[in-house]
Each structure stands twice: as C-alpha cells, then as structure tokens.
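J.: Copied straight from TrEMBL:
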ACT_SITE  A:Tyr110  active site
ACT_SITE  A:Asp153  active site, proton donor/acceptor
ACT_SITE  A:His251  active site, proton acceptor
BINDING   A:Asn7, A:Glu34, A:Asp153, A:Asn155, A:Asp250, A:His251  Mg(2+) binding site
DOMAIN    A:4-251  domain 'Endonuclease/exonuclease/phosphatase'
SITE      A:Asn155  site 'Transition state stabilizer'
SITE      A:Asp221  site 'Important for catalytic activity'
SITE      A:His251  site 'Interaction with DNA substrate'
Amino acid sequence: MRLATWNVNSIRTRVDRVVAFLERSGTDVLAMQETKCRDEQFPALAFEAAGYEVVHHGLNQWNGVAVASRVGISDVEVGFPGMPTWGDPAAAEARALGVTCDGVRVWSLYVPNGRAVGDPHYVYKLEWMAALRDAAGAWLTDDPDAQIALVGDWNIAPRDEDVWDISLFTGATHVSEPERAAFRALEDVGFTEVTRQHVEQYTYWDYQQLRFPRNEGMRIDFVQASPELAAHVVGAQIDRDERKGKAPSDHVPVIVDLG
DNA sequence: ATGACCATGTCGCATGGA
C-alpha cells in the first residue's frame, strides 16, 4: 500500500493538482491537512470520480483534515481522546481525523502552529502534542500489534538540519527544545518516524523570498509509525515536483510504501 | 527555469500561516 500525507493549503484551490497527484503517483491513501473549508464545501466529487472515497472534517476556513482512500475507509473518528480545545468559548479545532484503511489506522494530523515561543498558541501546541502522545500510547497499550500511522504537518523541525539555516531560527518556534521533546515523546510510547531513513529533503518552502528556488526550506511533515506498521515500511520519498509550476501548495507530499 | 507570498472571508483589509 502506498500511503501519503500532504498539507494542501486549501483543497478548493488545489483539488485538480491533488487528484492528478493521486493518479500519477499511484497513492492508495492520502491524508490531507489545511483543507481550509467546511465539510459541505469539500470537492468530494473530484475524488470519487478518480475512484477514491473521502472523509473530511472542517469547521470553517481554518485548519481542516481529510483522508482519501481507494482501499476502503471505516471507523471514522473526529479528534483524538483528550485533544485540547482552543478559544473562547473553548472548542475543538479541525486538526485530527482518524480512519482505518485496509487494516491501517491512519490519523491525519495538523499540529497547531505555535506562532512564537511563549505565545498562548505555543502553550496550546505543547498541550496538544502531550495529549496526542497520551492517546497514541494508550492505543498501543490496548493493542501492541496495531498498525497505526500518525501522519501530517507537525509544525516541528526535530533536528537542526531540518531547517536551511539554524542560525536564523534562534529563539523561534518549530525548533525549540520543548517542541522537539514533544515530538520525541511519541518514540517513548513506541512510535518511530519512518521517512527520515529514506528521505533527506525538506517538505516545506515559504512562498516568500525565493525560498524554493534557493532550497531554503523546512522539514516539518513526518510519519510516525507503530512497531507493527514500521516493520512493513519498505521505502519513503517526497514529491518535490509538487512544489513547482502553477499554484503549488507550500508543502509537498510525503510518501511511504508499505510492503 | 523551481522565480521575487498565498489563502480565507469579503470587496478594503484583517487574519493566519512558519
């Protein structure tokens, strides 16, 4: 099975590109983030015409997560147990969607940005990551053999080499030690990031300042796999071509092949 | 060329992204 994750930065702007990617790449299951629309606005017909079922969770023009699959979708779950809320009045945001596709539990995740170290959004980000660790750890405790993929835009660069110039990120969000510790904490409960051993490239380049032509990017999109799933990973890649041409997302697809 | 922000709602400009 070929599994991919992609922050599409608006599915309505990008739907033709996304469906073309699915058909060209032979992706069976695609987790999407930042769809930026409500459920009734999601262009489901384009996916269905290409042979994919699609499940979407979006509440407004912010966030939004989805999964498209041509190998079935079942057991849809909106948000994970204990997921923190945001705002006044406090409400869950559209940042997590769990589905089962051909025996693999896939979570499409859009981790809060954080904005700046110390900002309330940053505190929320760390709480969100801690709650995810607790929930995911409990899933593995309940079923150590479960095939679980936590995929998406983590908004964390776990290593210095995951940004083009670490000296420009002093004191910035995405590279702070608490964020990196929160990412590593998933390893403490049994998960393994499975793309790094196969991929060295960035997954995101800002639209501004020629970041892409200069390859000044960040690596913030990852796949955390349970032990049973990690054992089935036979390869991983990014599709750098998806950052080129007309109207690209600022992120590229991250692809994992399961044998 | 891989090229000098882009998306939303709303219609002049605020908000969010990283």
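Numbering starts at 1 and runs along the chain as it is shown here.
Backbone N, Cα and C atoms are what each Cβ position is placed from, and that goes for glycine too.
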J.: Have a look at the recorded positions (A:Glu34, A:Asp153, A:Asp221, A:Asp250) and report the one with the fewest Cβ neighbours inside 10 Å.
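T.: With the recorded positions A:Glu34, A:Asp153, A:Asp221, A:Asp250, fewest surrounding Cβ atoms within 10 Å: A:Asp250.
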J.: Can you tell me which recorded positions out of A:Tyr110, A:Asp153, A:Asp221 are within 10 A of A:Glu34 (Mg(2+) binding site) by Cα, answering none if there aren't any?
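T.: Final answer, ordered: A:Tyr110, A:Asp153.
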J.: Closest to the residue listed as 'active site': which of the recorded positions A:Asp153, A:Asn155, A:Asp221, A:Asp250, A:His251, going by Cα position?
T.: A:Asp153
J.: Tell me, how many other CB atoms lie within 10 A of the CB of A:His251 (active site, proton acceptor), whichever protein chain they belong to?
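T.: Step by step: centre on the Cβ of A:His251 (active site, proton acceptor), count other Cβ atoms within 10 Å, giving 25.
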J.: Validating a neighbour-count step here. Other CB atoms within 10 A of the CB of A:Asn7 (Mg(2+) binding site): how many?
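T.: For A:Asn7 (Mg(2+) binding site), the count of other Cβ atoms within 10 Å is 24.
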J.: Same chain, not part of A:Asn7, A:Glu34, A:Asp153, A:Asn155, A:Asp250, A:His251: whose C-beta falls within 8 angstroms of the C-beta centre of the Mg(2+) site? Give them in sequence order.
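T.: Residues close to the Mg(2+) site, other than A:Asn7, A:Glu34, A:Asp153, A:Asn155, A:Asp250, A:His251: A:Asn9, A:Gln33, A:Tyr110, A:Tyr204, A:Ile220, A:Asp221, A:Ser249.
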J.: Using a Cβ-Cβ cut-off under 8 angstroms and a sequence gap of six or more, which residues of the chain neighbour A:Asn155 (Mg(2+) binding site)?
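T.: For A:Asn155 (Mg(2+) binding site), the qualifying residues are A:Val111, A:Pro112, A:Asn113, A:Gly114, A:Lys125, A:Thr173, A:His174, A:Ile220.
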J.: On the three-state reduction of DSSP, what should I expect for A:Asn7 (Mg(2+) binding site)?
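T.: Note: A:Asn7 (Mg(2+) binding site) is in a strand by DSSP.
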J.: Going by C-alpha positions, which of the recorded positions (A:Asn7, A:Asp153, A:Asp221) is nearest A:His251 (active site, proton acceptor)?
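T.: It is A:Asn7, whose Cα lies nearest.
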J.: Please report the number of other Cβ atoms within 10 Å of the Cβ of A:Tyr110 (active site).
T.: 25
J.: Rounded to an integer, what is the Cα-Cα distance in Å between A:Asp250 (Mg(2+) binding site) and A:Asp221 (site 'Important for catalytic activity')?
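T.: Rounded to a whole number, the Cα-Cα distance is 12 Å.
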J.: In Å, rounded, how far does the Cα of A:Asp221 (site 'Important for catalytic activity') sit from the Cα of A:Asn7 (Mg(2+) binding site)?
T.: 8
J.: On the 0 to 100 scale, where does the mean pLDDT of the domain 'Endonuclease/exonuclease/phosphatase' (A:4-251) fall?
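T.: It averages 96.
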